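The structure appears right after this line, and notes come after that.
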Amino acid sequence: MIYAFIVFLLILCIYTYDIHESTRYKYTSFYSIVFILIMLNVLSYKIGGDTEGYMYHWKYDYRSIFNVPLKEEIDIRSNERIGWILLTSFLKGIWDNFILLRIVLACWVNMVVAYFINKNTRYIFTVLLIYFVVSYFNYNFEILRESISISFFLLAFSYYLNKSWLKYFLCFWAAFMFHESSLVLLFFPFFYLFDKLNLMRLFLLISVSCILLFSLDVVNILLSIVGPNFAFYEKFMAYMNSEIYGENTWVNPYAFIVASVLTPFVSLSILKKQRGKEYLAIFVLMSIMFSVLTSRVFIFYRFTNYILLPLAVSYAEVIYAFSLRFLVGKRRKIFVMPVLLFYLSYKVYSVYLREERITNGKTYDRYFPYSSIIDKNVSSDRAHILDQISAHQMR
């Protein structure tokens, strides 16, 4: 099974390079695995819930930029962002085959992810494994437009850390050209207001936020604030009134507090005490705030998509910092693998083994087993799920 092979390969590299700090063929191994992840996307067939919808639009809706006036194409596809319109229309003019779009997106997104990982952590294989388990399938097979926006934030990451706001907002503008959810990037600079707060004040801030959001009718408040002059009013109203993306009634408040508030706060406190890693605590704080919002209105989960890679770096640093506190024999990193596998097991359970909101099945049915353009062998469970998703999208 290709997924198991990739996980095994990454665990082997973690043991060799991240734990034992070998350098021989380190980056050759890293980029070889990234290449495998790119090819896994390029050669896939009907994997993910949204890919088939993109294939349909490519075949029937998207037109070559060389055959139609650009203004006409923008008017017809007014519900899409101009960056996506330009990209798809240009690529369709080069070669009218969906695989070209898949190749471009797979290379761009995964190479930006690789660049981000390589630049921001020593534990490159640990973070790459977290990315593969937590984010890879979402970025590569679901949120294709949004993944481009996310990639621009990853490129702007150093500008954000250095408070180079002009360069940061230029990257925001590029991200906004592809997906409106990137508006959340405008709020990221405000989190620096909490950067100097001590742990007690941060805990108080989080506690007050939880109490307020759980006691208020967030959906009705948002509906009363956002007026019809808002640029994305129709889409906003559709989300707020949706049974799936609107008010979140699926949350167990006790499990949520433990998994999405208290546990991340422990990680935040560890990062706050790690010299040179304090800056990562701000992204854990973001994740807590976004999780609280998502627990009330589900569509806010999109905000978390933008910080999944910084979070992967953060949790990798926490895992190694925790392990280095213990000396067993002459080994200090002996707990890295058990803690990492425990964390990933929880993510597999919470992301892939949960019940689908749209279809009758589990989330993993969207991606497992792997099917390629070579054999085009789609399981009956996935075919059933894709039919349900298509029916839902046609409503």
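The backbone N, Cα and C atoms fix where each Cβ goes, and this holds for glycine too.
Here is what TrEMBL records for this protein:
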type: TRANSMEM; residues: 28-45; note: transmembrane segment
type: TRANSMEM; residues: 99-117; note: transmembrane segment
type: TRANSMEM; residues: 123-141; note: transmembrane segment
type: TRANSMEM; residues: 148-166; note: transmembrane segment
type: TRANSMEM; residues: 172-195; note: transmembrane segment
type: TRANSMEM; residues: 202-231; note: transmembrane segment
type: TRANSMEM; residues: 251-271; note: transmembrane segment
type: TRANSMEM; residues: 278-301; note: transmembrane segment
type: TRANSMEM; residues: 307-327; note: transmembrane segment
Apart from its near flanks, which chain residues at least 6 from the ends of the transmembrane segment (278-301) lie with a Cβ under 8 angstroms of it? 161, 188, 191-192, 194-195, 202, 206, 209-210, 213-214, 218-219, 222, 239-240, 242, 244-248, 250-251, 253, 256, 260-261, 264-265, 267-268, 271-272, 307, 310-311, 313-314, 317, 357
Same-chain residues at least 6 beyond the ends of the transmembrane segment (123-141) with a Cβ under 8 Å from one of its Cβ atoms are 6-7, 10-11, 13-14, 17-18, 26, 29-30, 33-34, 37, 40-41, 44, 47-51, 105-106, 109-110, 113-114, 117, 147, 150, 305, 308-309, 312-313, 315-317, 319-320, 336, 340, 343-344, 347-348, 351, 366-367
Excluding the flanking five residues on each side, which residues at least 6 beyond the ends of the transmembrane segment (251-271) place their CB within less than 8 Å of a CB in that stretch? 199, 202-203, 206, 210, 214, 277-278, 280-281, 284-285, 287-288, 291-292, 295, 314-315, 317-318, 321-322, 346, 350
Other than its close neighbours in sequence, what residues sit by the transmembrane segment (307-327), given a CB gap under 8 Å and a spacing of at least six beyond its ends? 18, 113, 116-117, 120-121, 123, 126-127, 130-131, 134-135, 150, 154, 157, 267, 270-271, 274, 277, 280-281, 283-284, 286-287, 290, 333-336, 339-340, 343
What residues in the same chain, six or more past the boundaries of the transmembrane segment (148-166), come closer than 8 Å to it by Cβ-Cβ distance? 83-84, 87, 105, 108-109, 112-113, 115-116, 119-120, 139, 172, 174-176, 178-179, 181-182, 185, 188-189, 192, 279, 305-306, 309-310
